[in-house]
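Just below is one structure, and these are the notes that go with it.
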Amino acid sequence: MSFKDLRSFIDHLEANGELKRISYPVDPHLEMTEIADRVLRAKGPALLFENPTNHSMPVLANLFGTPKRVAMALGKEDPLALRDVGELLAFLKEPEPPRGFKDAISKIPMFKQALNMPPKTVRNPACQQVVKTGDEVDLTQLPIQHCWPGDVAPLVTWGLTITKGPRKSRQNLGIYRQQLLGKNKLIMRWLSHRGGALDFADFKEQFPGERYPVVVALGSDPVTILGAVTPVPDAMSEYAFAGLLRGERTEVCKALSCDLEVPASSEIILEGYIDPDEMAEEGPYGDHTGYYNETDKFPVFTVTHITHRKDPIYHSTYTGRPPDEPAMLGVALNEVFVPILRKQYPEIIDFYLPPEGCSYRMAVISIRKQYPGHAKRVMMGAWSFLRQFMYTKFIVVVDDDVNCRDWNDVIWAITTRMDPKRDTVMIDNTPIDYLDFASPVAGLGSKMGLDATNKWEGETNREWGTPIVMDPKVKQKIDSIWDELGIDDSPTL
């Protein structure tokens, strides 16, 4: 099932018991965060606050608060089915010629999907039903959440920032938080390596001193939103990828103030520009690490137009110590990463980003080990293959007899198969998340790899331990007589 807009997805969630409407007045200042956080930790539904205090616009929260809802947004019922998305991405990143007639036939569905990629331009889009310009532009009329007591100001969190570099044929979609600065001003917090920041840097180089057009879409259809946080191949636009997942082309329209294309079904569109000479101090804000981050200067986004649907819905979230919504997205997208990594490294059995590791700061990988030093090769590959993992500080590699998603197994492997000096890889001066205050320098720190695999000849001179395993015949016999032993429940072993 595919969803052309956010509202059809809301209806689907509500029909399936995955969305709760809240009519009681709730304040976007702190109260919504507390409610959303409690509900998310209880694995509860998405929330639609129908009467935000001092605002008339409903607020949608916790939309992707469980891996199941992320899967539902992509037309799947089970998060494990998201591996199909990963298979598609792996194919798009590195397509292979058919190995024969049967293989060619099996690839036809992927090629047919690829034909649905280009976005479709529409007229009279829903996102431009109401147009506000000049003095009508007032961002304070939006029910923007003020998430934590130490936050400096309300924060736009789920906006799709749309940019285009002067040397690129496609637009970039990225999600960057934006601090409310005034009635028509937001601070665009994008890190220097992100797509939007790179586009802006190219523009400044080619057109020094000129204003850079930017558009932010709020409340787009769920597939387009998720396309912006998925490892889409660099040569493909997020709109094209969203169409690929949806099975039909993404509908877009031209912005009113520039040539950028925006998702036509969006609830709210903010149009404007960034003056290369206008910067402002951003933060502090509570972040996905569970701490308040440092302040720093970022470009100011001046909003010249606000367009929206009639009776728009404001889509919002909060970030904090895991679990939060980004962590739940990470759990779901974990399944997307597995086939992509396996395509490059077939020896990988499974890959896990534990949500308590702030979505990406720690990874555990199980492999079918084939030679001495194999674990270290996989570590280096994971750090370098996808830019999503350039900030991963810790990688643990285990054998295929260890469940990399079970900490009991992983800790056992670390403590029994590792020598701290021999099996630890340390790399200095690598890119680190700017928000990671534990690094000695902002944006630059170290990485640690833990080889918790069984050691082969060449890696050790000692006789290696053999795991204890019960005789299968004995296990089978005990299973057959268990009820006669008078012990209440048979432990699962």
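Placement of Cβ uses the backbone N, Cα and C atoms for every residue, glycine included.
Feature annotation from Swiss-Prot assigns active site, proton donor to Asp287. All protein chains shown were included, and the count of other CB atoms within 10 Å of the CB of Asp287 (active site, proton donor) stands at 21.
Taken from Swiss-Prot, the feature Mn(2+) binding site covers Asn172, Glu238, and the record attributes it to sequence analysis. Annotation for Glu238 (Mn(2+) binding site): same-chain Cβ neighbours under 8 Å, separated by at least 6 residues, are Gln171, Asn172, Leu173, Thr224, Gly227, Ala228, Thr230, Val232.
Long-range Cβ contacts of Tyr176 (prenylated FMN binding site) within its own chain (separation 6+, distance under 8 Å): Gly159, Thr161, Met188, Arg189, Trp190, Arg194, Gly196. Under the heading prenylated FMN binding site, Swiss-Prot lists Ile175, Tyr176, Arg177, Arg189, Trp190, Leu191, Arg194, Gly195, citing sequence analysis as support.
Each of Thr161, Gly174, Met188, Gly196, Ala197 belongs to the same chain as Ile175, Tyr176, Arg177, Arg189, Trp190, Leu191, Arg194, Gly195, is absent from that list, and has a C-beta within 8 angstroms of the C-beta centroid marking the prenylated FMN site. On its own chain, Gly195 (prenylated FMN binding site) has Thr163, Asn172, Leu173, Gly174 as residues at least 6 apart in sequence with a Cβ closer than 8 Å to its own Cβ. Per Cα geometry, Arg177 is the residue among the binding-site residues Ile175, Arg177, Leu191 nearest to Asp287 (active site, proton donor). Here prenylated FMN is bound by Ile175, Tyr176, Arg177, Arg189, Trp190, Leu191, Arg194, Gly195 per the record. The longest Cα to Cα distance in that group is 14 Å. According to its DSSP assignment, Asn172 (Mn(2+) binding site) is in a strand.
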